[in-house]
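Engineer: Pasting a structure here, questions to come.
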């Protein structure tokens, strides 16, 4: 008997209040890294009706106009009208940054005898994941959820659906049979809108112009449940509807619940923070394992102690899909990937102003030129070392 189950993931648009906060935090990080790539940054943002608060710890030689960066980011997202509850020109921006604690800095900045022996900026555990459900090696529900809100933003920006507003959420439920995606069961999309659009017209346009063009044709089987703005009116949104905070969408940022999460958010953190850099490295490792054909699913866990460079643990789980044992793959990971914090920074070239782009529509599964952790350049070496035939993605 086939093992049949449903699995759901969600995403949110760039205009969701928590994502507004994430993007401001990462825009500030990028501006700092452009001037001083060795800065220590932990930039937190709160945004509410007409108000943005910037706080956290920053140690840098850069000279940054934080208020202007916050306003520019809000404008780019699309909050350019007082009717939206926050607009880039009229909102108040409060700045309350401190410097990084010297107690933390002493462990992060020590070089020891090895120039790659920088200690981790904190203790913690991080996960990376990849699977063969999509060409991007991502779980299908989160991949489709991202594409839906990305399309919502595209149609809003180019004016095809002029009544769309920046805030939106999506949710996709996929039916799996024997562990593989079989069909789309339910799609939820809630979008902020202008007050004068009638609900029936909105629902028809969202289904025909946003949802249907996004769904893979081979997974449309039978009747799909489309739930568009199921509560009806959604005029008040963005930071006016809910207070936004950096780091509150960590499952949206990663794998949509298909893999565990260590709990540490990404946005606003420079790459000395392993919450971010080691999660990126975990994705890089997992993606190369799957791309090499060593497994069809791979979960990586790494953990760190503050001030210590070497990971305290490295774990690989292929859920029984491995062509060699998990112990062999773990050994290969240790041989082919430098998972010390400074080794990760060097391996993935992370001291670049590349982070604002990550702060909406997922940090993983996007073929962006800056996203070095999405490369599969280690896959062939892994396949050869394991003695297996590489997949078509590598050959």
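Every residue gets a Cβ built from N, Cα and C, even glycine.
Positions annotated as ATP binding site by Swiss-Prot, on the basis of sequence analysis: 16, 167, 168, 169, 233, 234, 242, 248, 249, 265, 269. Under the heading Mg(2+) binding site, Swiss-Prot lists 18. Taken from Swiss-Prot, the feature K(+) binding site covers 44. Positions annotated as L-methionine binding site by Swiss-Prot: 57, 100, 242, 273. Under the heading region 'Flexible loop', Swiss-Prot lists 100-110.
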Engineer: Using the structure shown, find which entry in 16, 18 (the binding-site residues) has the sparsest Cβ neighbourhood within 10 Å.
Structural biologist: 18
Engineer: If we check Cα distances from residue 273 (L-methionine binding site), which of the binding-site residues 16, 44, 168 wins as closest?
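Structural biologist: Of the binding-site residues 16, 44, 168, 44 has its Cα closest to that of residue 273 (L-methionine binding site).
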Engineer: Calculate the distance in Å between the alpha carbons (Cα) of residue 233 (ATP binding site) and residue 57 (L-methionine binding site), and round it to a whole number.
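Structural biologist: One finds 40 Å between the Cα atoms of these residues.
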Engineer: What binding-site residues among 16, 18, 57, 242, 269 are found with a C-alpha within 10 angstroms of that of residue 44 (K(+) binding site)?
Structural biologist: 57, 269
Engineer: Specify the count of other C-beta atoms within 10 Å of the C-beta of residue 242 (ATP binding site).
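Structural biologist: Around the Cβ of residue 242 (ATP binding site), 17 other Cβ atoms lie within 10 Å.
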Engineer: How big is the gap, in Å, between the Cα of residue 18 (Mg(2+) binding site) and that of residue 242 (ATP binding site), rounded to a whole number?
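Structural biologist: Just about 9 Å between their Cα atoms.
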Engineer: Among the binding-site residues 44, 57, which residue has the fewest other Cβ atoms within 10 Å of its own Cβ?
Structural biologist: 57
Engineer: Let me check the 10 A CB neighbour count of residue 100 (L-methionine binding site). How many other CB atoms are there?
Structural biologist: 21
Engineer: Compile a sequence-ordered list of residues in the same chain as residue 249 (ATP binding site), six or more apart from it, whose Cβ lies below 8 A from its Cβ; state 'none' when nothing qualifies.
Structural biologist: 12, 16, 18, 19, 22
